Amino acid sequence: MAGAIIEKMSTKKLVLFVFFILLFQIFSILVGALISPSPTTAISYLATKCINFHRTRAWLMPWGSNRCQQVHSFDDPLAKTLDANDIVFAVHVPLPNTEMSPWFQYMLAVLQFDIAFKMINQIEDDVVITIDARLAYRDDMASEWTTKFHSVEQRPLRCTFAVSKTYENEGRFYHCDPIPFMELGSVAHKYFLMNLRLPVNDTMNVGIGEIKDIHVVGIHQNGGFTKVWISMKTVFSPWISVATVWYWYRIRLLARPPVLLEKVIFALGLSMAFLDMPVEWLSMGFEWTWMLLFEDAQQGALYSVLFCFWIIFCGEHLMDQCQRNLLSAYWWQVGLVVFGSCVLLIFDLSERGIRLSNPFYSVFFSYLKPHITFIIVAGISVCLYFFSLCRMVHCVFRTISGKMQQLPTMPETRRLRYKGIIFRFKFLMLATLTCAALTIIFFILNQVSEGHWHWGDYTLQVHSAFLTGIYGMWNLYVFTIIFLYAPSHKHNRKKSGDTQHTGSQETQLTCGEQGPTEVYRITGKVAEE
């Protein structure tokens, strides 16, 4: 067998290849930093207090020719004659003279309450606020509103009062935590209307204090960022797909069946191609509210295969050859990945799956609180996996170091060849650790940064650069794995029968049989000398 491309490529060509990969990586970062706007936009809407004397289900508009009868403050004389159940908080999205667009991809809503302190009406501990929420849409200003969703939801109201609770401090406002309230997976209409009620009776919405106003913060993806993101996926999708097909074509040209490592590399290419599918183009013309769930499935598939690849990649260069090429040899590591992925999938289905029919639902505020169990179980699985991975990486480098002690006894030509092979293998292992470390570092910088930096006359969008840079980095990483570990046909085999055994061909590789790479063979305890 000719070996993998990484073993047959000269140092000069390998350096040139790495140089071009770095250029593409820098380009991915600069696209987000210089071309793309910020990933999301947050707009605060002050809910209009509408009067609904008859308590009908008619839609109440906060402004326009058909605006509702309003009360500007609950301290007005008119407001003092009203019952709390007569008030409807109306919010129109977006602001006047603007409209929503499918390029926004999704829409989130967060509630912020302005609650004044009163000695006779204080916020109780562990109080829960009940909200009767309705959402409607229309596509032009003359049409009637079409009801889309209706639900009665409960959210915990967590507020603190910075000063002492005395009569002198009445009228000061509590500091209340924002309340995540809605997640809409598609923005297929131009205008949205929310009508919110806080129904009050003997047991409902008691002890929530004196609410003065409700602010609704609408968050959506920027259309400019969406165009940049879809454009990147459109570029990477055919690139990774063609590379994956080319890789499998090279594997099929071999006279032996594919081994486990080659299969998992092929699966890695397929999972990245699946993630790169630019299905967002189609969502522009359809109301696909499941797009957020589909994107989670795309990312989950890639992470699962990537974690399995790391374990198998290390294990296949560590174990005896008689134990290689068996998925069952990694049953507990792969089992952890599958189990953790299933747990997170169930969690995602219980959250975003239910939101397909009720965007106001949140598993974090349900009575059963299954998210705590899901997160703990998934966290334990991840910790056990990475502990096992770090141990295997350490063992691989230790095994390679032991093999390098045998190099002085080898002929000079063979010794130089093995030194180059081991160097390239270590280089790829370090590249993997570098990608993982950069992902963590970029994530931390993204959390602590202000969102953009100024550099001369240019404004660098840090958040966009993080997203496009990480996305480009993992695409380039998968492409590097596919390309460098593809079989090299630089030198044709003179006699294919010299390296094959007679008898039945089994899935498990036998001792001394050819593997996908030279380092795959020389790191085994019973590798051929």
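Cβ coordinates are placed from backbone N, Cα and C, and glycine is handled just like the others.
According to TrEMBL, the compositional bias 'Polar residues' annotation covers 499-511.
Annotation comment: TrEMBL describes 48-221 as domain 'Wntless GOLD'. Within the model, the domain 'Wntless GOLD' (48-221) carries an average pLDDT of 90.
The domain 'Wntless-like transmembrane' annotation in TrEMBL covers 222-489.
According to TrEMBL, the feature region 'Disordered' maps to 494-516.
Under the heading transmembrane segment, TrEMBL lists 228-248 (among others).
The feature transmembrane segment is assigned by TrEMBL to 260-281 (among others). Tertiary neighbourhood of the transmembrane segment (260-281): same-chain residues 105, 226, 229-230, 233-234, 236-237, 240-241, 243-244, 247-248, 251, 291, 294, 298-299, 301-302, 304-306, 308-309, 312-313, 316, 324-327, 474-475, 478, 481-482, 485, 515-516, 520, selected by CB-CB distance under 8 Å and a gap of 6+ residues from either end.
Sequence-distant contacts of the transmembrane segment (301-318) (same chain, at least 6 residues past either end, Cβ-Cβ under 8 Å): 259-261, 264-265, 267-268, 270-272, 274-275, 324-325, 327, 329-330, 333-334, 337-338, 341, 385, 388-389, 392-393, 395-396, 399-400, 425, 432, 474, 481, 515, 519-520, 523. Here TrEMBL flags 301-318 (among others) as transmembrane segment.
Long-range contacts of the transmembrane segment (330-350) within its own chain (CB-CB distance under 8 A, at least 6 residues past either end) are made by residues 293, 296-297, 300, 303-304, 307-308, 311-312, 315, 363, 370-371, 374-375, 377-378, 381-382, 384-385, 388-389. The transmembrane segment annotation in TrEMBL covers 330-350 (among others).
The feature transmembrane segment is assigned by TrEMBL to 370-400 (among others). Packing against the transmembrane segment (370-400) from elsewhere in the chain are residues 307, 310-311, 314-315, 317-318, 332-333, 336-337, 339-340, 343-344, 346-347, 350-351, 363-364, 422, 425-426, 429, 433, 519, 523: each is 6 or more residues past its ends and has a CB under 8 Å from a CB in it.
Here TrEMBL flags 421-445 (among others) as transmembrane segment.
Per TrEMBL, transmembrane segment is recorded for 465-486 (among others). Residues 4-6, 9, 17, 21, 24-25, 27-33, 36, 39, 228-229, 232, 236, 239-240, 243-244, 246-247, 250-251, 261-262, 265, 268-269, 272, 276, 302, 309, 424, 428, 431-432, 435, 438-439, 442-443, 445-446, 516-517 of the same chain, all 6+ positions outside the transmembrane segment (465-486), place their C-beta atoms under 8 angstroms from a C-beta of that stretch.
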